[in-house]
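Here is what TrEMBL says about this protein:
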TRANSMEM  20-41  transmembrane segment
TRANSMEM  53-72  transmembrane segment
BINDING   Cys65, His69  Cu cation binding site
TRANSMEM  92-113  transmembrane segment
DOMAIN    350-589  domain 'Histidine kinase'
BINDING   Asn470, Ala471, Val472, Lys473, Asp517, Lys533, Ser548, Leu552  ADP binding site
DOMAIN    612-727  domain 'Response regulatory'
MOD_RES   Asp660  4-aspartylphosphate
CROSSLNK  Lys712  ubiquitin cross-link
Amino acid sequence: MESCNCIEPQWPAEELLMKYQYISDFFIALAYFSIPLELIYFVKKSAVFPYRWVLVQFGAFIVLCGATHLISLWTFSMHSRTVAVVMTTAKVLTAAVSCATALMLVHIIPDLLSVKTRELFLKNKAAELDREMGLIRTQEETGRHVRMLTHEIRSTLDRHTILKTTLVELGRTLALEECALWMPTRTGLELQLSYTLHQQNPVGYTVPIQLPVINQVFSSNHALKISPNSPVARLRPLSGKYMPGEVVAVRVPLLHLSNFQINDWPELSTRRYALMVLMLPSDSARQWHIHELELVEVVADQVAVALSHAAILEESMRARDLLMEQNVALDHASREAETTIRARNDFLAVMNHEMRTPMHAVIALSSLLQETELTPEQRLMVETILKSSNLLATLINDVLDLSKLEDGSLRLDLGSFNLHTVFREVLNLIKPIASVKKLPVTLNLAQDLPIYAIGDEKRLMQTILNIVGNAVKFSKEGSISITAAVAKSESLRDSRAPGFFPVLSDNHFYLRVQVKDAGQGINPQDIPKLFTKFVHTQTLATRNSSGSGLGLAICKRFVNLMGGHFWIESEGLGKGCMAIFIVKLGISEKTSESNPFLPKANHGQTAFPGLKVLVLDENGVSRMVTKGLLVQLGCDVTTVSSRDECLHVVSQDHKVVCIDLCMPDGFEAAARLHEKFTKHHERPLIVALTGNTDKVTKENCMRIGMDGVISKPFSVDKMRSVLSDLLEHRVLFEAM
């Protein structure tokens, strides 16, 4: 083996130097061998490192470098050629790996730099996210305070409490030294100090509203910092030790509501804003933060909303109080109206009884007189008395019918009657009156007018008689004509009656009646007043005519109730007048019908011979009249004047008991009769005689168990008809 002369051992003085190199190479080799172990540990523990192969290559380079230094330890002494070859090989491999590693780092370094850039970007994003989270936490804190403040502010709807609560809660939340509220005065030219957080400030102090600082705050919808020396901020006692704290002012919208003063709420002012001033403590270096300013702005808006709700509540309370006052007034008026109606009904009930009772005597006695043997002249006078009495009874019913029409209780009494006879009777009744004024009255009945019809004969005759009577009453000269015909389809529709909708059918027809006079006439503008009760037109008032003003008002309501239409035509004063009405009547198949207004003579006829009847009536005249009618019909009549006498006299032989309801114990007498006769077939028929025609009387009679009701006045024919129906059907309430 050839020796290597790489290191000459000629210089023994250098042995120490060689020894140091030897030791250094050893430690370098040791370090080089330890680095790959650390890299292997790093690669093993790192799961996401993207350059593992680079680390492997770099590890190999370090190992080779270490191997080179390690092999060089054998070169410090005599060594063989093998050592030299190994040394050379290690150096060549180290050179190759180092070059490859250097070239690879040229490509890796930009990537590493970009990673560093991304890392810096992520760090910036993380910092920004931290700032945003801080803002979110601040906003959450602000929102919590806002919710708390809003809850406190809106927990009441009293405006003074709302404003005072706002100052207290803001002072507590923001740790304020002072907080004040300036309100516009009534004139709108000044702001007045109305509320303060601490009561040490002089409430009522005013400043001009045109100050620049106030205009600046009012023109912005944000909270603004203002000078502590501003007139609206001079609320703290002067102190030379500390610098004054920062002051913020914000406007409070009043939302077009009524502004207010201390202890008062004036009318709408020219300004629509109040001013809120907030002051930080003087003994600190604290400053206003953005979230605190936002909190102040939100609270100002919430105060405005709460004030609007409070104003609405106050307005509703005022409206409620006004409504309660109106309800009290309406209740008082209703009570007065009820009292008036009750008094009217009581008056009508008394007048009904007091007027019908003598009318009953006149009609009954006249009908009895008519049943006797009379000369033609006497019979004519008796019939005239009967006609006039029936007319007077009809006039008495006018007031009663009006009352029923007003409360809707009036019902038509439908039946078949002779239509032609109705018109002739009206003519016969009105001719004597017209002859006194020398007014000729003519009647024209159309050829197609049915002889018989179905309707309320009494109401129809009353309507015709009233209209013709007015024509005679308000005419001094000329003539009066009555025309009746079946209304044609083309004449039914009238623009003056938009609510009148006639419907033609085979079961009914429309009767058209026209009453024309050549009297003084009437102004067209006064015609509507004719149908107003208790009202006379000026034209009619000048005719020196008397009357209640009820006739045409009742006639119009009768016509409406009969499904028709009523109107009056006149071209003016001195041109006469024409009254026209249309009513709906049914078509009757009967060929004959008696007229209830004209009782016919029935000389000597006794329809009920031997019928035992008991009459209970405390009024002697009325008792005598009723007995006379029944005796005329052949009845065996017994009269009593009290309830006890009636109960003592009555027996199973009596078939009918007539009780006059004007007696205070008439209903009790009927009830006692039911108790006395427990078996229905043994009890006599109980009939009520009454001058009241209201529904209540009929209902009371039915409730107490009476078998029929007869309304006064009545004649012999009516009594005959009632008794016939009563004995046949054992019940009769149709006579009401």
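Positions of Cβ are set from backbone N, Cα and C atoms, glycine also.
Sequence features annotated in TrEMBL and their locations in the structure.
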{"residue": "Ala471", "record": "ADP binding site", "contacts (Cβ under 8 Å, 6+ apart)": "Ile480, Val515, Lys516, Asp517, Gly519, Cys577, Ala579"}
{"residue": "Val472", "record": "ADP binding site", "contacts (Cβ under 8 Å, 6+ apart)": "Ile430, Ile433, Ala434, Lys437, Leu439, Val441, Ile480, Asp517"}
{"residue": "Asp660", "record": "4-aspartylphosphate", "contacts (Cβ under 8 Å, 6+ apart)": "Val615, Leu616, Asp617, Glu618, Asn619, Ser622, Arg623, Thr626, Gly666, Ala688, Leu689, Thr690"}
Shortest C-alpha distance to Cys65 (Cu cation binding site) - which of the recorded positions Asn470, Lys473, Leu552, Lys712: Leu552
Local Cβ density at Cys65 (Cu cation binding site) - other Cβ atoms counted within 10 Å: 22
PLDDT averaged over every residue in the domain 'Histidine kinase' (350-589): 76
Per-state residue totals over the domain 'Response regulatory' (612-727) - DSSP helix, strand, coil: 53 helix, 25 strand, 38 coil
Cα-to-Cα gap, the residue listed as 'ubiquitin cross-link' vs Lys473 (ADP binding site), nearest whole Å: 29
For His69 (Cu cation binding site), the one of Asn470, Lys473, Leu552 that lies nearest, given that the binding-site residues are compared by Cα: Leu552
Largest tally of Cβ atoms lying within 10 Å of a Cβ, found at which of the recorded positions His69, Lys473, Lys712: Lys712
